[in-house]
Amino acid sequence: MTVCTTTVFLEFWKRRRAVLTYDWDLIDWEDEEEELRPQFEAKYSEVERVNPITGKPEPFQPFPDKLSRLMVSVSGIFFMISLVLTAVFAVVVYRLVAMEQFASFQWHFIKKYWQFATSGTGVCINFMIIMSLNVVYEKVAYLLTDLEHPRTDSEWENSFALKMFLFQFVNLNSSIFYIAFFLGRFAGRPGKYNKLFNRWRLEECHPSGCLIDLCLQMGVIMVLKQMWNNFMELGYPLLQNWWSRRKIKRGGQLLEHKISLPQWEKDWNLQPMNLHGLMDEYLEMVLQFGFTTIFVAAFPLAPLLALLNNIIEIRLDAYKFVTQWRRPMPARATDIGIWYGILEGIGVLAVITNAFVIAITSDYIPRFVYAYKYGPCADQGYTQEKCLKGYVNSSLSVFDLNELEMGYSGYCRYRDYRAPPWSSNPYEFTLQFWHVLAARLAFIIVFEHLVFGIKSFIAYLIPDMPKDLCDRMRREKYLVQEMMYEAELEHLQRERKKNGKQYHHEWP
């Protein structure tokens, strides 16, 4: 449902963009031939070619040089992404160590809820790593973008924005992807657990499923990140402006009272807007858009938190722009540039991710298979709740404690679809496991095709431009043609009258 809402949002944004472009008289406005960046001219001043638009020679970047710089930039991007994955692996190792320590903790409360304690501390550490790496990413993105030597300022901004999005998106969502699709998948079974470095047993999901860990991870990161962003956007400029006024008072630049300064000087003492401040605002909203769509099946509260944050954000931004920052330089634009393409990419990724979350992370498919194939209503159709009777027992396998050779006897149960120890193939995957796996894969394929079809149908139904706006534009075009017709007719009539020709009230 939310994935389709994403398509509706993007289509209605197209309509809103068309209205804003018309209201600001930018329908027929196109960027003039952009000037070359001084860095580009200085680097390639010795190599020139004729510009097909202006017909004048200008510096030119050879294709081999452009390709080599692009490959170095892509390599840098992959290196930073691998750094993020390394940080995620470090958090995973911490969770394994903490899991063992919390399970043997003397405090009964921690010992009882060791899984929640491990997840909670892991999320907090992961958040600190995320915020630390964000500082590094901006500097690396600047360095890689300058290394490419883009031709114009718009090319530089698009390249920089794409790098910043990739860095922060991977940084913010890598741990969430790990919990959603890898946590507990390779833990093994009793008597044959997989261990990291032959020391720490791989972490498993909570008995209630992995959705609890995923929900906790998303909730903590989303709330803390929004709080941090709001502080950096308003609290940090407030502190800077207070310190600036304090230095002015100490320097004796105020005669009697701060009101004695002219308004323009007060405004000059405010904090300057970052050169790419608008890009930061776009990036924040796009990342939030990804949070509310990609894993919405696991954390349905995300859209509500985003709405509350945006309501607060509007007021904070208004206060910030009016009282704490200098007035930014205006610039004309007909759209939001590369960000719309990024939003569409997030919409496609959201379809795929939600399909995998529902099929792999949740228990929807195993319940479905049990109700139709193995439950009391097998081969009769799912009609009521009694069809799930015995599902929990069916989802648990049996392990013989005598195999541990630790003095234990009897049997224990664990979540998996494996044959019992007394079968001919003990601990092998059962037929129900393969039925569940096949149903999961089939669900992913059907869900993706169905949702993509609905997305395309919605995009087809919603026109990119409102009908009343189309009528107004056609009306304006008609009036312009009429004015040109009247002006040309009047000009020809004057010419005929001047040359002594016969006067006619008609089009020649």
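Every residue gets a Cβ built from N, Cα and C, even glycine.
The domain 'Anoctamin transmembrane' annotation in TrEMBL covers 3-476. If you look up TrEMBL, you'll see 70-93, 113-137, 165-188, 285-308, 336-360, 437-462 marked as transmembrane segment.
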- [ ] Could you pull out which residues elsewhere in the chain have a CB under 8 Å from any CB of the transmembrane segment (285-308), counting only those six or more residues past its ends?
- [x] 2-3, 6, 165, 168-169, 172-173, 176, 180, 211, 214-215, 218-219, 222-223, 226, 339, 342-343, 346-347, 349-350, 353-354, 357-358, 361-362
Open item on the list: Please report, as numbers and ranges, the same-chain residues at least 6 past the borders of the transmembrane segment (336-360) whose CB is under 8 Å from any CB of it.
Closed with: 2-3, 6-7, 10, 13, 17, 154, 157-158, 161-162, 165, 180-181, 214, 282, 286, 289-290, 293-298, 440-441, 443-444, 447-448, 451-452, 455
Task: Residue numbers, six or more beyond the limits of the transmembrane segment (113-137), whose CB comes under 8 Å of its CB atoms - done: 80, 83-84, 87-88, 90-91, 94-95, 98-99, 102-103, 105, 164, 167-168, 171-172, 175, 203, 206, 213, 216-217, 220-221, 224-225, 228
